[in-house]
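What follows is a single structure, written as structure tokens, with notes after it.
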Amino acid sequence: MAVEDFEAVLKAKYPGKAHAKRVVDLIRKTKPDANGVIYLEGRMTKLLEDNDSPEHFRQRRYFYYLTGCNLADCSFAYDIQSSKSILFIPPIDPDDVIWSGLPLSIDEALSRYDVDEVKFTTEVNSTLAHLAKQSPNSTVFAIANQVSDSVTFLEFGSKDFETVKKAIEVSRVVKDEFEVAMIRKANHISSLAHKAVIERSKAAATEQELYATFLERCVSHAAPEMAYHPILAAGKAAATLHYVDNNAPLKGKQNLLIDAGCEWNNYASDITRTFPLTGTFTKESRDIYDIVLRMQKECTELIKGGMLWDDLHLHAHKVAIDGLLALGILKGDAKEILNARTSAAFFPHGLGHHLGMDTHDTGGNPNPNDPDKLFRYLRLRGHVPAGAVVTVEPGIYFCDFIIKPYLDDHVHSKYIDAAVLNKYWDVGGVRIEDNIHVTENGYVNLTTAIKEVSDVEAVSAK
């Protein structure tokens, strides 16, 4: 999809009403006679501790999914019987106007958001009471600990604080066209920022200079919010999976691993690239990069709706083992190495996860207590449906803290050639990550950041 294509999709309103209907359908799968009101609150303004300034605002994702509204201090009601949606926005506070200007009006909100009616938040209780009386013994569906003390549900026959949250989490797994366009736009901007970082790398002296370059490019494209704290790790720091210091000097380091992505209207991108700081990969870095790129490409090609993610993760380990055997870092029989789980010393994390409004989006069903260390940190388990967006992010790392216990354990050390391994410590780590839209019979790669060796070296050498 070209830039103009996803921009055309994004000219429409965020499809909050369609999402609400999907959520109701899911609620009725477990509660066929469900009737009443869905009530959700957005993020309320909260001051910093010991300060009179507000905390950085991040909208509640459950609320946003049904409204597309990114304003603070709002509420939402959806009448299940009539399919009527009502957005509540804060009334004008004259004392606040002098500082912040006029807030969105009711007419402006009705024009901007996919709702049937807009009211002020001062009308929440009276509106809920009216809706409750329309259907005797109706239920209000809300989320526990996300209802203001001033809101009352006394008129409803029953209260349910669990079902709607679970239904929204299930609904969020399969993305519609608008959501995919949001993720694609976030990817487009982030891919431009990744390229800008590579272009800047030869002139930069520290990680934070490249960090600033990434932020600048995203902000200049109207995407100031990061989906997560960016990782810019030079040299051996790349062996730390979630390195966040971003302040070390670049001199004398082989590569830089950058894991960074912006949001577009609350939808995330999550991209990782590794590139040479000298313009050309060293032999050892190229060895590892080629293995990781093969891991990523082969796993991506296996993606289609309904596939079991565990199988894909297992395939990534098989490719890693083959590559490390060819280099001599591993030795012995590939099947024995896999069964011993020795490859987890070099590829300790999961292959990927769901992506959406959260970087680690809903629906992953991880099992952190899995006795099998190969799957313990896999954030996505089970079959992946068509319509989901996932990350594919294999990596190979040389982390002394992780690898040393394997070298000290005969079960694993017999498969590792320490002399060959010693040549690769300075590589640090290599990870390559793209965002993939799963289709019925295949996939669409939403990430356009360069990753072929010839392209990466050509840009980094400039």
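Here the Cβ of each residue, glycine as well, is placed from N, Cα and C on the backbone.
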Which one, Asp245, Asp270, is listed by Swiss-Prot in the same Mn(2+) 2 site as Asp259, Glu433? Asp270
Which residue of Glu209, Glu216, Glu225, Glu393 does Swiss-Prot report at the same Mn(2+) 1 site as Asp270, Glu433? Glu393
Check the binding-site residues Asp259, Asp270, Glu393, Glu433 for other C-beta atoms within 10 angstroms of each C-beta and report the one with the most. Asp270
Inter-residue Cα distance where the pair is Glu393 (Mn(2+) 1 binding site) and Asp270 (Mn(2+) 2 binding site), in Å: 10
Round to the nearest Å and give the CA-to-CA distance linking Asp259 (Mn(2+) 2 binding site) with Glu393 (Mn(2+) 1 binding site). 10
To the nearest whole angstrom, state the Cα distance for the pair Glu433 (Mn(2+) 2 binding site) and Glu393 (Mn(2+) 1 binding site). 4
